[in-house]
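Per TrEMBL, the features are:
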DOMAIN    33-189  domain 'Sulfotransferase'
BINDING   Arg44, Ser52, Lys169, Gly170, Arg171, Thr172, His173  3'-phosphoadenylyl sulfate binding site
DISULFID  Cys152-Cys164  disulfide bond
Amino acid sequence: RNVMPKTLEGQITMEKTPSYFVTNEAPKRIHSMAKDTKLIVVVRNPVTRAISDYTQTLSKKPDIPTFEVLAFKNRTLGLIDASWSAIRIGIYALHLENWLQYFPLSQILFVSGERLITDPAGEMAKVQDFLGLKRIVTEKHFYFNKTKGFPCLKKPEDSSAPRCLGKSKGRTHPKIDPDVIHRLRKFYKPFNVMFYQMTGQDFEWE
């Protein structure tokens, strides 16, 4: 509470920490602080997410092993190493189970990372509705930046340049063996199906 800004009646304070979703203690702690908190989780295809995670680590530590080496416990048998955080984070059903022990599904909004790129205004409309806000952010606030491959947010007319995602976003992913991607898709499929059933949403990652 001490690190949150002061919030007046009618205002909403938002805070973003990606690791909450995969941290076992987080649901209980957040619930004990403010059980009416609304939760927003951005999810994307777990295979793409794992490669993106690896790409980010690679940019900081260029001497790490290849994605293929880290992704498998046994390459010959095709056994995926689910203990590697880049893989484990994408098992969304597992993490959601932990949150549902403390929060009802009605208090959680799942935002599609893919639709956030193809239809940012549509996803933002859902966010604003979920938070009980007027739909102020609309199509006119976005433009697609071809260089980054992401939409950028336009500020009000009289303000500074548009807000685009930082340098760490939109990096080119390393080339991954198609067989590895196929194995990962097979690995994630049952977890994805479980996640669709738990949330009542089909994210179409297959």
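Cβ coordinates are placed from backbone N, Cα and C, and glycine is handled just like the others.
In this structure, the C-alpha atom of Arg44 (3'-phosphoadenylyl sulfate binding site) lies 18 angstrom from that of Cys152 (disulfide bond). For His173 (3'-phosphoadenylyl sulfate binding site), the same-chain residues lying six or more positions away in sequence with a CB closer than 8 A to its CB are Ile51, Ser52, Thr55.
Listed in sequence order, the residues of the same chain lying 6 or more apart from Cys164 (disulfide bond) and placing their CB within less than 8 Å of its CB are Asn145, Lys148, Phe150, Cys152, Leu153. The 10 Å shell around the Cβ of Arg44 (3'-phosphoadenylyl sulfate binding site) contains 19 further Cβ atoms across the protein chains shown.
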